[in-house]
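These come from TrEMBL:
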DOMAIN    87-516  domain 'Major facilitator superfamily (MFS) profile'
TRANSMEM  7-26  transmembrane segment
TRANSMEM  139-158  transmembrane segment
TRANSMEM  170-191  transmembrane segment
TRANSMEM  197-217  transmembrane segment
TRANSMEM  224-246  transmembrane segment
TRANSMEM  252-271  transmembrane segment
TRANSMEM  345-363  transmembrane segment
TRANSMEM  375-395  transmembrane segment
TRANSMEM  407-426  transmembrane segment
């Protein structure tokens, strides 16, 4: 007897599963808000060098003060990182003149002045993370994803050993505490450390929420569950735009985004442990109790049962499942590479996850240059994900997981590449192509979560999710640093995102198809 046969008897998608999924979607919303928080937390408003003794120029307008104090860039805008060593009063007569003596141009000596019309305060303005210190600003996102990367390995192992629910509760508690500590940061170092630890804590949510829900759902509703869970990620993206628009001060924005973890901590106590995991670990009594509870809530307590599962209520069938040698034993990350088929799945899925996250966060953290405000860009980028997910619901059931995964990644890369060729003056066209690319990128992310949870057997599923999440967060950690490559060549970041997306999409063709297949319980099921 397989666990999926058991689910059909007790109700594979009834009131019990709906309530579980509704509760698990709360941390899913909160997760996406934290993962893209860098867009607003570390936003850099327009700025210029602070001008000393500015009060001496009382007879000049602000534009004239800037004209004699700040050099212009080739596009005519004032430089953000340079100033004249002495006021250039002759520019008041002819502003088109360019100083021939470059030695009078120097880096900012007295700090910076920021435009606060859009942001009251960000970490960039608080600690002057601009110009020569710009790398530290981008590194904030990298530190966060390094934490998520480490957390993926830790929580992947711990949730397979100690259970999904216990690690989910631990992840939520740590996320709440560390998120609030980040909001209270008094130095850049403190923020970098606390955001790294917050990333590690949030990794537990990323890893556990979807598999825990999927392990209670039957085969027929698995795709629907995966897509619905992903839609709530997009809802979180849109809510982040609203929260950032209403809260313009970075300390309070962190509090606003972290606070909902408290509600999730309260609600998640009702969620039962995965019966699949309990049976795999030989904890038959607990699994039996949760299954009875599921049957009662789904209205199956008095229905006749089929012969092959007729003894499950007396724990006999569960005991036989628990003592099955194919699903018992000790497993680790090494188990993912011991057998040929599982080794190929692990290597290819690792590349795919890296490519999905690298291109997704590369696009999600580039909200400027499309003619829209940063808040509207964030909202539109989140909103376009919802129809993309609905289309994927049809595609993954019609053309399969493998084709959907490969082509969404390839099309993401092509959209990124197209925007390299479109001149910046065509802002509307660039916006349309970027939104299409974001839709394809999110479709790829939606598919990879569903696809991976079906590729790995129950005994190593969380180890597999931990490993692939590690690869994804590695991609997420490197993505923001690619923006620094624009100093080498302006289009180099986009070329990198494009190339990685197309190559990882090609690798997805090497993975096996899982459409209409039962979730494997043991490694032998896929070998």
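Backbone N, Cα and C atoms are what each Cβ position is placed from, and that goes for glycine too.
Only residues 6 or more beyond the boundaries of the transmembrane segment (345-363), in the same chain, are considered here, and those with a CB under 8 A from a CB of the stretch are 141, 145, 336-337, 381, 405, 409, 412-413, 416, 434, 437-438, 441-442, 444-445, 448, 451-452, 455-456, 464, 467-469, 471-476, 478-480, 482, 493, 496-497, 500-501, 503-505, 507-508, 510-512, 526.
Ranked by Cβ pairs under 8 Å to the transmembrane segment (224-246), the stretches 7-26, 170-191, 252-271 are led by 7-26. The transmembrane segment (197-217) is not in contact with the transmembrane segment (375-395), judged by fewer than 3 CB-CB distances under 8 Å for residue pairs 6 or more apart in sequence.
Residues 27, 34, 123, 127, 129, 136, 140, 155, 197-198, 200-205, 208, 251-252, 254-255, 257-258, 261-262, 264-265, 268 of the same chain lie 6 or more positions beyond the ends of the transmembrane segment (170-191) yet place their CB under 8 Å from a CB of it. Sequence-distant contacts of the transmembrane segment (407-426) (same chain, at least 6 residues past either end, Cβ-Cβ under 8 Å): 352, 355-356, 359-360, 362-363, 369, 392, 433-434, 436-437, 440-441, 443-444, 447, 491, 494-495, 497-502, 504-506, 508. For the domain 'Major facilitator superfamily (MFS) profile' (87-516), the predicted model reports an average pLDDT of 85.
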